[in-house]
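Notes to accompany the following structure.
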Amino acid sequence: MIMLKYNNKLLSDNERIKKNSNFLRGTIEKDLDNNLTGGFNVDNAQLIRFHGMYQQDDRDVRLERMNQKLEPLINMMLRCRLPGGVITSQQWLNIDNFSEEQTLYSSIRLTTRQTFQLHGILKPKLKGIHQLLNKLGLDSIATAGDVNRNVICTANPMESKVHYQIWELSKKISEHLLPKSKAYAEIWLNEKKIESIDSEPILSSVYLPRKFKIAIAVPPVNDVDVYANDLGLVAIKDNTGNLIGFNVLIGGGLAMTYGDKSTYPRMASEFGYINLQDILKIVESVITVQRDWGDRYNRRHAKTKYTLVKVGIDILKKEIENRSGLKFSPMYPYKFTERGDKFGWIRGINQDYWHLTLFIENGRVCNTSNILIKKGLSEIAKVHSGFFRITTNQNLIISEIHQDKKDIIEDLLKQYGLLGDFVTSQRKSSMACVAFPTCPLAMAEAERFLPAFVTKVEHVMSKYNLQRDAIILRVTGCPNGCARAMLAEIGLTGRGIGRYNLYLGGNKNGTRIPRLYKENITEDEILHVLDITIGDWAKNRKTQESYGDYVVRAGIVRAVINSEEDFYL
């Protein structure tokens with residue numbers, strides 16, 4: 001294998017794969033025709049990420065298949081590009097049918113990036129799902145890989161004029177930063193190959209050093225966890241409620257690598273204010289600076305947060321201003337006071353229409369012996385002429401329900417037990433990444449662990465008469481940050497089967513990273529810690545003081561102030 005060098009240093013092997021890929025084509029088509037294996041070769045398994053897919057296998061049956069001298073049960077996970085999380089009822093129905101009939105797991109997974117994933121797609125079914133998405137006006141381009149990922153924004157664009165405007169902006173940003181290569185259409189949609197020279201004026205022929213994430217938030221609600229992103233845009237309104245521009249945050253990211261203290265979660269830094277009409281120029285300039293300055297030697301240090309720390313805010317700001325031809329103005333005052341979704345019925349801009357946020361535990365839309373979520377949503381989609389909107393907390397909004405249809409849909413919700421009247425505030429404040437059995441990076445359970453674990457936490461809360469309170473609790477199977485555990489009041493990250501690192505001290509509004517409290521401990525040990533600290537909190541907290549704020553004030557953990565300096569202290 002030929003290793004690429006630049007400035008006499010070895011580049012990451014991903015750089016070789018991208019450079020030799022012919023603008024993301026590789027030999028994917030050849031692998032699609034290879035019936036001897038259910039997967040793609042090593043290089044193509046990286047390239048299909050740029051087309052919105054991950055190669056995975058079912059880890060529950062990996063050993064059994066190995067004993068039978070079979071290759072792992074290789075399958076793909078596909079992630080749709082859905083800026084702002086908006087999907088029509090008809091699109092939902094078609095996706096629901098495909099997931100039911102053509103995937104191994106018959107489920108739809110709502111994600112913290114405000115889109116849906118389909119797990120368990122076998123290689124012969126791949127062209128079918130891409131062609132279905134295309135027929136529906138959707139695609140999965142650039143939802144993985146070293147590109148700008150799905151752009152997220154505060155969930156319900158029909159809540160106010162500003163919410164609608166930021167949804168429109170999320171779509172514009174997504175389109176503006178898409179790869180220009182025709183590889184997706186040629187491979188998956190059988191589009192005729194035209195002899196022409198591909199060009200990537202924004203991303204370059206080797207794309208970005210690592211993934212890039214953008215979020216747009218409307219204060220005072222930080223439902224998107226805006227500080228966790230490479231680029232965060234905080235909407236600023238004038239005195240009449242009109243959107244005038246954005247405070248710009250740069251350099252957030254929650255992933256880290258165990259044992260490597262040069263990696264750490266980091267909250268984005270404030271850079272300044274930019275007027276609405278100029279925001280696309282700034283977004284493009286931030287992307288191109290990261291494209292050119294990001295670390296292509298060590299992927300652990302390739303994210304924007306490390307670029308910022310390496311050169312400093314002042315130098316990075318000056319380069320962005322030079323490239324955009326704009327100047328950052330001072331930040332406008334803003335404040336976040338809450339996260340999470342607003343469950344239940346609300347009216348929006350048009351008083352004739354209703355919107356209902358449903359709790360979907362861990363975002364897993366499936367039918368079980370206890371509840372027919374998938375069937376219920378399918379029946380609603382058949383009579384609902386509006387939209388479904390996915391939230392960044394893995395929940396679902398049935399939106400734009402006309403007054404005339406409200407009773408019909410409410411009856412269906414009751415029939416299938418979807419109203420969630422029995423769901424506690426604590427459960428609504430908890431979420432997990434997928435982890436086992438499909439994620440190859442998972443070290444411990446997360447999605448399958450969380451429901452029973454939350455029940456145990458609820459028992460602790462009840463023990464201290466805290467049933468009406470809630471703690472933001474998040475679990476991930478590894479330290480990569482998918483469920484944003486590094487902005488939770490209680491964060492668990494998997495270390496091994498049945499073992500987790502326990503982090504405490506994040507806050508309610510998503511503006512503080514928690515600190516490691518106990519390392520590599522079992523569920524029983526975690527619950528013992530929580531019993532003691534929650535009991536302390538119940539006895540000694542100030543009025544309305546949250547758990548995360550209490551454990552910091554009480555000295556149970558020290559606040560993380562500047563994570564590149566004090567996260568590991």
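Residue 1 is the first one shown; counting continues down the chain.
Glycine too: its Cβ is placed from the backbone N, Cα and C atoms.
Taken straight from Swiss-Prot:
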BINDING   Cys433, Cys439, Cys478, Cys482  [4Fe-4S] cluster binding site
BINDING   Cys482  siroheme binding site
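The Cβ neighbour count for Cys433 ([4Fe-4S] cluster binding site), using a 10 Å radius and every protein chain shown, is 28.
Close to the recorded [4Fe-4S] cluster site, the chain also has Val434, Ala435, Leu441, Ala442, Ala446, Thr476, Gly477, Asn480, Ala483: residues not among Cys433, Cys439, Cys478, Cys482 whose Cβ is within 8 Å of the site's Cβ mean position. Its own atom aside, the Cβ of Cys478 ([4Fe-4S] cluster binding site) has 22 Cβ atoms within 10 angstroms in the protein chains shown. Non-local neighbourhood of Cys439 ([4Fe-4S] cluster binding site): Gln56, Cys433, Gly477, Cys478, each in the same chain, at least six residues away, with C-beta under 8 Å from its C-beta.
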